[in-house]
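In what follows, a structure is listed as structure tokens, so that the remarks can point back to it.
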């Protein structure tokens with residue numbers, strides 16, 4: 001990440017190429033979104049994070065939030081630059097220069113003056129310690145420790161750049177706290193991210209200065225006082241007595257909002273890729289038509305997010321067994337389903353593409369923010385002046401988080417629409433209602449409860465999509481009359497990510513159930529087909545005297561009925577006269593009998609006379625064969641293996657079934673849907689889903705299939 005320039009080198013700012021940074025912003029979006037997510041994952045797993053003031057990315061703050069292995073790094077120029085701004089503050093005060101936050105009050109009361117710079121910084125930290133933790137109430141009002149650690153990292157990164165007037169020793173102390181996994185306790189609420197995240201950051205400053213109300217949490221979750229935290233972290237020399245401007249440098253920045261935003265966006269990017277792959281699996285289990293991914297369609301629309309989403313789905317579906325089987329099905333009976341798939345499938349690239357673009361743009365915006373110098377005033381040593389501006393305004397955070405949250409809600413809406421089709425036997429092309437897998441559908445209601453839960457998740461997610469940034473209130477005696485609400489928006493986006501994880505986990509469980517049901521369907525249909533074929537040969541081929549019988553010509557049409565009839569429409573009682581299979585098999589024989597003409601008058605050539613024998617033998621044999629096929633699957637010896645192994649989506653299925661140890665849900669077993677969904681959700685939260693997700697796409701070359 002380029003952007004910050006060394007203090008004291010003004011010529012570096014007078015650049016003629018890309019002076020407005022638009023080119024740099026555009027360059028950051030080169031390459032595929034998937035490649036960027038892969039880089040995020042690689043950097044997340046990097047055992048060390050180097051802090052240099054300009055090189056932090058939104059891909060690299062999540063690791064330090066979760067681990068205790070950050071390491072500091074700085075170029076030879078950084079300490080000199082940093083100390084020069086610190087010296088400049090002291091010299092200007094000693095020379096009687098009037099500087100905001102050094103000799104003046106703060107905000108709307110900056111008309112006040114003092115020469116006691118040390119006491120002023122001490123008072124700043126005291127009055128900003130305005131947060132509520134709710135100790136003893138049973139409810140936590142403490143910022144998640146991961147977000148606090150991300151904030152510490154981002155604040156160090158900002159202050160390293162040398163425009164804030166703070167000593168290196170203070171930054172070194174914060175780094176030691178990070179490296180020893182010691183986390184200050186910050187209030188969850190109380191910041192508007194306008195003059196930065198003043199209130200929460202003041203608690204980090206409070207720990208550094210040894211305020212008696214400051215608390216921290218140790219590596220094992222133990223509560224620590226400031227003194228215990230310093231001792232455990234190996235910070236020498238006791239608590240810091242802040243010099244002029246140092247308190248302001250610590251609290252006047254956007255680190256809490258941007259730190260949390262970077263964590264949120266890491267997960268949002270992964271969930272975006274997951275939604276693309278889940279949409280492709282949806283096409284597989286729904287017998288969809290893969291032409292919706294054809295590159296020409298999307299190239300003509302021009303949007304890169306859409307083009308990439310379609311290309312990823314196209315890659316998953318390419319050579320998929322399910323797509324080959326669906327193509328044969330559509331060719332055999334083109335009227336069995338609509339000519340075009342419904343929008344939740346057919347327009348999924350068009351729907352997901354803009355959401356991916358929004359999330360990617362937000363990621364870059366936050367990346368720029370966490371590398372920015374965002375306090376006030378800024379010390380320009382080269383021009384011997386303090387610049388009073390507003391880089392502490394966290395609008396990039398509020399806007400990017402609002403936009404990301406809306407994108408996440410849209411992804412969730414698509415997932416819900418697809419899920420609703422999947423569990424509905426009017427739309428799911430032959431799967432059972434509620435994805436029930438038991439023998440008796442009257443005692444197995446499958447995913448009915450799950451669908452209710454999904455509606456709840458989706459409703460909450462849609463509510464969370466409402467913007468935060470349009471609820472600004474004027475604050476601090478109308479000095480902070482517009483404010484970004486960046487951390488609030490980041491917190492709400494973190495909630496949205498959690499809800500989308502619930503939806504994605506639940507949906508993945510449902511898709512795995514559908515895959516197993518397609519496997520069961522194929523084996524049951526194979527058993528029915530073989531049985532009908534054998535019974536037809538035994539009862540319809542020969543007459544009573546051993547001669548060839550006219551009914552032998554019914555066999556092909558009987559098998560066509562089996563091929564076209566949804567097996568789960570009759571599987572619980574395959575010989576029931578109330579179910580379509582037996583009705584249509586009988587109708588085939590009746591139709592042939594009506595065409596048999598004068599031969600029907602002869603008992604030895606009558607097809608009508610054969611119907612009873614055919615049905616009686618089928619009733620005697622078919623239920624046993626259907627049960628045998630089902631039992632073979634349950635015992636691990638199916639006649640036909642699960643075709644998912646022939647698909648690029650197999651790694652996700654394998655992860656859910658083998659690594660997590662789950663199986664097809666049925667009312668015949670005690671395991672509830674929630675137990676399985678909980679397992680998958682935990683794996684998603686732990687990052688376990690990432691490797692199988694990327695495994696599905698490991699052979700994708702980053703381009704759509706050629707159209708010519």
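Every residue gets a Cβ built from N, Cα and C, even glycine.
Counted within 10 Å of its Cβ, the other Cβ atoms near residue 100 (active site, proton donor/acceptor) come to 16, all protein chains included. In the three-state DSSP reading, residue 100 (active site, proton donor/acceptor) counts as coil. Taken from Swiss-Prot, the feature active site, proton donor/acceptor applies to 100, supported by similarity to another entry.
Marked as 2,3-didehydroalanine (Ser) by Swiss-Prot on the basis of sequence analysis: 195. According to DSSP, residue 195 (2,3-didehydroalanine (Ser)) sits in a coil region rather than a helix or strand. Under a cutoff of 8 A between CB atoms, and with a sequence separation of 6+ in the same chain, the neighbours of residue 195 (2,3-didehydroalanine (Ser)) are 107, 252, 376, 392, 476, 480.
Long-range Cβ contacts of residue 346 ((E)-cinnamate binding site) within its own chain (separation 6+, distance under 8 Å): 288, 289, 292, 340. As annotated by Swiss-Prot, (E)-cinnamate binding site applies to 252, 340, 346, 376, 448, 476, 479, with the evidence given as similarity to another entry.
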Using DSSP and three states only, what is residue 448 ((E)-cinnamate binding site)? helix
Measuring Cα to Cα, tell me the gap between residue 479 ((E)-cinnamate binding site) and residue 100 (active site, proton donor/acceptor) in whole angstrom. 14
Say we define neighbours as other CB atoms within 10 Å of the CB. Which of the binding-site residues 340, 376, 479 has the fewest? 340
In chain order, residues whose C-beta lies under 8 angstroms from the C-beta of residue 448 ((E)-cinnamate binding site), counting only those at least six residues away in the same chain, are 423, 434
Which of 252, 476 has the fewest nearby Cβ atoms, counting only those within 10 Å, among these binding-site residues? 476
Give me the largest Cα to Cα distance among 252, 340, 346, 376, 448, 476, 479, the residues the record lists as binding (E)-cinnamate, in Å as a whole number. 58
